Amino acid sequence: MGASSWLDIPKGSHFSLANIPFGIITNPRTGERHAAVAIGNLVLDLHEFAHHQGFTGLEGFTPSQITTFSTPALNDFAALGQDVHRKVRRYLQDVFAEDTPFPALLKHNVESQRACLFQQDQVKMHLPVKIGGYTDFFAGKNHAYNCGCIFRDPAKALQPNYLHLPVAYNSRASSVVVSGTDVRRPLGQFLQSPSDTRPSFGPCRRLDIELELGALLCKGNDLGEPIDVNEAEKHIFGFVCLNDWSARDIQQWEAVPLGPFCAKSFASTISPWVILKDALEPFHVPGIPNETELHPYLREARKENVYDINLEVELRAPDGESAILSRTNARNLVFSFAQMLAHHTVGGCPLEVGDLIGSGTISGTEPGTLGSFLEASNGGKRSFDLSATIRRTFLEDGDSVVIRGWCGDDDSNLVGFGECSGTILPSIKPSWI
């Protein structure tokens, strides 16, 4: 989108006129939670905008639909469907455009600006939706291969099922937190050395990140009714950056035979702004090729079925020094979100509005493109330098991790996710230890 805005949008902003992401804020004047959109360094409170007749120019947008902006989560707005999301987003782009056809609504309306527009650093962000279910997939082939090499050997790095279906497990929706929430180092059982036969108990010693993309759903399916892979994208509200924090030592001990449990259930962080699927349409690209003959329910007609999203992980040490851990791209997926939804529901599982679907860790193939400390440290076998002053194997207390994602290379028209961040706090010390 080449149009300019009457608002001052800094170059390099993730929230250009081409984006218009949706989130939930606390209004700094009223203390109430409302739906909002981000534009540059500002947010527009959509409840207040509606109260000031801001949607009078949007034909067919009904009063009942407008009230979805007054709730403390975006589920009701999401459930209106992609046609409504698209109309609202494009209308707001018109409102913000330099040559807006609706100048009286906001551009030339000082009263409305004062009531509706706030600096981003003035507002508190919340989880954008009430998440009822969270399923984490394992579709990053490079990450899966790297982990297989660490724990098995290159010849058997990928499990026999890996290229036939998108592997996943059901995680905890209750521990999904919004960016900026501190993460406490978990307690659990682990083996202090590979030769041990009895586990130790205490604070996790191999705390890690997982660089992921998350999809939030706007449409569910009935029990027993699978979602067609070529209709599945219609179920997606939008996308967020996701950090699926992981306790690797706890995971390695507990995961056999049913998979991770305590190692993954203590926290998963998402970015606060939902990037609508419509905003990402120009950035479709093919994913990692999969030469395996898939069963018909996974055969997607669209070949450009993942997104060209630049991803970056920054580590900020307790002393204030920072360094980049990874720069990679979301195209490093071997299964698309449509295929994930088709597989998730093929047995009849019902999904719901607000459900979160994680992509799995996204890694490239070279050093500096890896989406976890597990890979960068070769399973904890070596420490590595992020900079001249920062050396790590896994995360230390006081470390902060910031994930960013953005599409495009025009600094005036980026479609970005903002930040997905969290700081590690020391584990609790229960009286019974």
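Counting starts with 1 at the first residue shown.
In case you wondered, yes, glycine gets a Cβ from its N, Cα and C as well.
Caution: TrEMBL annotation is automatic and unverified by curators.
It should be emphasised that the depicted structure is a prediction, and the values quoted were computed from it without experimental measurement.
Binding of Ca(2+) is attributed by TrEMBL to GLU210, GLU212, ASP244, and within the candidate set ASP136, ASP308, ASP319 the record adds ASP136 to that site. PHE138 is the residue from PHE138, PHE237, PHE373 that TrEMBL records in the substrate site together with ARG152, GLN251, THR361. The binding-site residues close to GLN251 (substrate binding site), defined as a CA atom within 10 A of its CA, are LYS264 out of ASP136, GLU210, GLU212, ASP244, LYS264, SER268.
In the three-state DSSP assignment, the secondary structure recorded for ASP244 (Ca(2+) binding site) is coil. According to DSSP, GLU210 (Ca(2+) binding site) sits in a coil region rather than a helix or strand.
Within 8 Å of the centroid of the Cβ atoms of ASP136, GLU210, GLU212, ASP244, where the record puts Ca(2+), the same chain has further Cβ atoms from LEU211, LEU242, ASN243, SER246, SER268, GLY358, SER359, GLY360, THR361. Comparing the binding-site residues ASP136, GLU210, GLU212, ASP244 by how many other C-beta atoms lie within 10 angstroms of each C-beta, the top residue is GLU212.
Assigned with DSSP, the residues of the domain 'Fumarylacetoacetase N-terminal' (18-128) fall into helix, strand and coil as follows: 43 helix, 23 strand, 45 coil.
The Cβ of ARG152 (substrate binding site) has 12 neighbouring Cβ atoms from other residues within 10 Å, across all protein chains displayed.
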